[in-house]
C-alpha cells in the first residue's frame, strides 16, 4: 500500500534511480556522480542529481551552480537547472546554506528529515535518470535515503572504490549493506586507477591496481571499468566545466563514456 500511495508523488516521472555509494570517503563519489550525469546527458537522457552528502555538498561547485537559489512551486522545491536546455537538474543542501563556508552541524534525525524532504518535496518532473550522490559510510543517512526511495523501485547502486586494499575492504562492507537492504548492485567502478603520463603515455599505478575488478569478481557483480587519475578531469571539476564535451582526448574520457554506456545497457524500462 505504501508503494502505491507513493507513486503519484514527485518521483513518479523518474524512470531510473542510481545510488552512488562507497563505504570509504575520498574515493570520488561526487566526481563519478557528476561525470555519469554529464555522460548520460550527452547520450540524450534527461538527468537529475540529488546530492545527499549533507556535510560536504561539492556537486554545485563541480557543475558551476554554487550560489543559485531554490524556488518553490505548487509541488515543492524546484531543482536548479545546470544548463540552458534544462537537461540536468540538481538539488543539494549547498543551495540552502547562507554561506558556502557554513558547516552542517546536525544530528541524525534532522539529516534524515531533510533527506526525506529531498525525496518527497522536489519537483523533478520527467527524468530518465536520477543520480543520488551519497556520503561515505553505511549508517543513518544511507538508511534514510534507501527507505525514502524504496517505494520508487530504484534501479540500484553503483559502488565506487579506489584500487588499494584499505579502500577495497571498506567498499566490501558497502556491498554487504546493499545485500542487507535489498539494493541491486549495478556495478563497481574503480576510480583513481593509475596515472597516465601526458608526455610518454606510461601508466603509473599510484594506488596499486585491480582491487575494484577483483572485488566485483568475488562479489559476483558487474565491473563497470577503471577511471585513471587525470589532471584534466580535476581541472574541469574545479572550473565547473563539462568534461565529456571539453576533453574528448583525455585518458579518463573513454573510461567514463564506457561506464555510462554499461549503465544504459543495464537499465530496463521501469515498470509502470
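Backbone N, Cα and C atoms are what each Cβ position is placed from, and that goes for glycine too.
For reference, TrEMBL has these:
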BINDING   23, 24, 25, 26, 27, 28, 29, 30  ATP binding site
BINDING   197, 200  [4Fe-4S] cluster binding site
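All protein chains shown were included, and the count of other CB atoms within 10 Å of the CB of residue 29 (ATP binding site) stands at 27. Taking the Cα atom of each, residue 26 (ATP binding site) and residue 197 ([4Fe-4S] cluster binding site) are about 22 angstrom apart.
When the neighbouring Cβ atoms lying within 10 Å are counted for each of the binding-site residues (197, 200), the highest count belongs to 197. Within the same chain, residues at least six positions away from residue 25 (ATP binding site) with a Cβ under 8 Å of its Cβ are 135, 136, 137. Surrounding the centroid of the Cβ atoms of 23, 24, 25, 26, 27, 28, 29, 30, where the record places ATP, the chain contributes additional residues within 8 Å, namely 22, 136, 160, 162, 191. Just so you know, the Cβ of residue 23 (ATP binding site) picks up 23 other Cβ atoms within 10 Å once every protein chain is counted. Sorted by the number of other CB atoms within 10 A, the binding-site residues 24, 26, 28, 30 start with 26, the lowest. Put simply, residue 200 ([4Fe-4S] cluster binding site) is 32 Å from residue 24 (ATP binding site) when counted between their Cα atoms. There are 24 other CB atoms within 10 A of the CB of residue 27 (ATP binding site), with all protein chains counted.
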